[in-house]
Amino acid sequence: MYTKDTIVAIATPQGNGGIGIIRISGIDALAIAEKLTKKQLKPRYATFCNVYNDNEIIDHGIVIFFKAPLSYTGEDVVEIQAHGNPFILNLIIKAALNCGARMAKAGEFTERAFLNNKLDLTQAEAVADIINASSEIAAKSAAKSLQGDFSKEINNLLEKLIYLRMYVEASIDFPEEEINFLEDQKIHSSLEEIYKVILAVKNSCKQGVILAEGITLILVGKPNAGKSSLLNALAGKESAIVTSIAGTTRDIVKEHIQINGVPMHIIDTAGLRNSDDIIESEGIKRAIKKIQEADQVLFVTDDYTNSQVKFSDIKEIIPEFYDQIPKDIDITYVHNKIDLLKEVPHNHANHIYISAENNIGIDKLKEHILNKVGYTNQNESIYTARERHVTAINNAFEHIKLAKEQLELGNGELLAEELLIVQEYLNSITGEFSSDDLLGEIFSSFCIGK
């Protein structure tokens, strides 16, 4: 069991509220709580009492003691439910510190839960995901990860992989046997099954990352092309000022929306043009910088000639900025103001036709965005995932392909080695083998009281 010092923190969000919760965890949690309350606390009982600093009453509320290991962290845990005034809560924190506790670091309660085997690393990450979920589907998916769906899939895969690796190694360890184990159809079928499962998990992880982290869309284009109108149309509200004056948007405007439950972070940028205006020029610099961070760029244009669509690329429309835009970035050309055309072309490839002002073609654009980012699975059975999960699964997938090659070549030792590498990558997902640096990075992203 993880039994270092005793930690304390406010577990509820900052600000005023009806109730504020303070969490204490560690070997001295009960002793500290009994000093604060001057009560003997029974495990799993709600005790209504005063909370003191020495002999001065700070507040009164409900105190619950969770005896190890039947607690969130696996240690002795006490939760004090007081009035949700920040000044009151901070006074209780100070009193707990005076009794020997220390302030918890970000995510330290969940880190202790992980180190005490109350949950694995994917479940620990799901705690943060469920707190930060920005859509209903994302919240449900995070809940599935928290209850262990993702972990079970990885562990079932590991079980099959380890069994196969042991079988292969047995063929290496007993060369005197006249049977060629590598020609055994059992190995071929088992390896093929593992390959297919890893491929399926790889695809699920990609969907899970989209739900957990969302998609960043950047709206760029020349001034007055309708970027702000498009932002408002996608958001379904007036998020940006729209005028006929070119250069109205001079800074970054952000909006968070959902498209079919997928979180989208939309950023409207200053129109790209050479400008003598200092503020507008700074906005254009920021726009170029944001383009480099985008998952997808929506290049908004109203470039028509004689009421006909002109198929120009970025190099033609804004040649002065072309060299500053990454060449590998995914760009969709959004042809706005189609209400001005006599005949509207059909959407094709990366060209979508809309009228932001009249809300024409917006649903088709949303559908196009989801397809471009690769979100196809809207099944509620999907779980959330992180970029590190995707990296680990991608690496495992590459090495399982190498394992298949070694099997075809009859190289038993190299086959076993590739299977071991796959196993290590899968273990890193659930935290079976994780470096201190990785753990520090993961838990530091949590809020203090979790």
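Using N, Cα and C of the backbone, Cβ positions are placed for all residues, glycine too.
Quantities reported herein were computed from a predicted structural model and do not represent experimental measurements.
Residues or ranges marked as domain 'TrmE-type G' in Swiss-Prot: 214-374. What Swiss-Prot lists as GTP binding site is 224-229, 243-249, 268-271. What Swiss-Prot lists as K(+) binding site is Asn224, Thr243, Ile245, Thr248. For Ser228, Thr249, the entry in Swiss-Prot reads Mg(2+) binding site, with the evidence type sequence analysis.
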Min neighbour Cβ count (10 Å) across binding-site residues Asn224, Ser228 flags Asn224
Reduced DSSP state (H/G/I helix, E/B strand, rest coil) at Lys227 (GTP binding site) is helix
The predicted model's mean pLDDT over the domain 'TrmE-type G' (214-374) is 73
